[in-house]
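Comments concern the structure below.
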């Protein structure tokens, strides 16, 4: 029989587990951030231990920073603002969540944010409603308030395709989670916009020699390049000679293999190996397990589906989890 782990406040709009899975952050319609944790290490029941108002508008996304940078979360709000909050000790008051950094662009809204650890620093990638991507670098690992803009560009392969000011409903960013010390950081980015050039999923890799980001692959068949993308997820890689990335559009979930050896032009070979269907409506979110072997997806139909491939590389639906009426 299923057991409830936590009861979230009514009006909860999003949630996110930290890397160790012992704390849950939840955002609400009223702009409040709530932190849930268990009272003991052996308990599987979580209760709210902290609550702070982040914004006057609703929180639409929460992302935990990598654990080596402390207990901190980034919140994206409906008004397009982005803020970073850190749990700090305040003398007699004990631990409290404090605002470290707030960002708001007058002309565009933040749609998604993700963090990636490079060999030199922590990087933050923020995707905006005007189709631009901004990469920020943390200047001091001990101070989450000091971020420097490192790069700014649109999600297009060549400069001739650079657009004026498109309108984007959503964006999705997913970092390559298993980059080694000797490898450059990379991530995949896609949009759900009115501009076909922006939408398709593109892998961006940092070129340290020239201090710039380069598009090294595009995850879309020729007939699908203009399709809006709803969600992305880059799988952890444990010993595979290729990377695996999941891309969700209105046509379903595409599973892509990305080669590790670039061609003479610096592009990585890509191949779509499977198309998964089963959700009745849009796919909103996808996550891989730690092994990169099982993909979980959820969407507007309220279902959670688990997908796996067999030894022959054929993908299939492994399980479906339905919401339980309250």
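Glycine is no exception: its Cβ is also placed from the backbone N, Cα and C atoms.
Keep in mind it's a predicted model, so treat the numbers as computed, not measured.
Away from its own ends, the repeat 'WD 1' (7-46) comes close to residues 52-64, 66-67, 71, 73, 75, 77, 85, 87, 97 of its chain (Cβ-Cβ under 8 Å, at least six residues beyond either end). For 7-46, the entry in Swiss-Prot reads repeat 'WD 1', with the evidence type sequence analysis.
Here the repeat 'WD 2' (54-95) has Cβ contacts under 8 Å with residues 13-20, 23, 25-33, 35, 101-105, 108-115, 117, 122, 124, 126, 129, 138, 141, 144-145 of the same chain, all six or more residues outside its ends. Per Swiss-Prot, the feature repeat 'WD 2' maps to 54-95; the stated evidence is sequence analysis.
Broken down with DSSP, the repeat 'WD 3' (105-146) shows 0 helix, 28 strand, 14 coil. Look at Swiss-Prot and you will find 105-146 tagged as repeat 'WD 3', backed by sequence analysis.
Taking Cβ pairs closer than 8 Å, the repeat 'WD 4' (224-266) reaches residues 169-170, 172-178, 187-193, 196-197, 199-201, 203, 214, 216-218, 272-279, 282-288, 290-292, 295, 297, 299, 307, 309, 315 in its own chain, all 6 or more past its ends. According to Swiss-Prot, the repeat 'WD 4' annotation covers 224-266, on the basis of sequence analysis.
Taken from Swiss-Prot, the feature repeat 'WD 5' applies to 278-317, supported by sequence analysis. Over the repeat 'WD 5' (278-317), the average per-residue pLDDT in this prediction is 92.
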Per-state residue totals over the repeat 'WD 2' (54-95) - DSSP helix, strand, coil: 6 helix, 21 strand, 15 coil
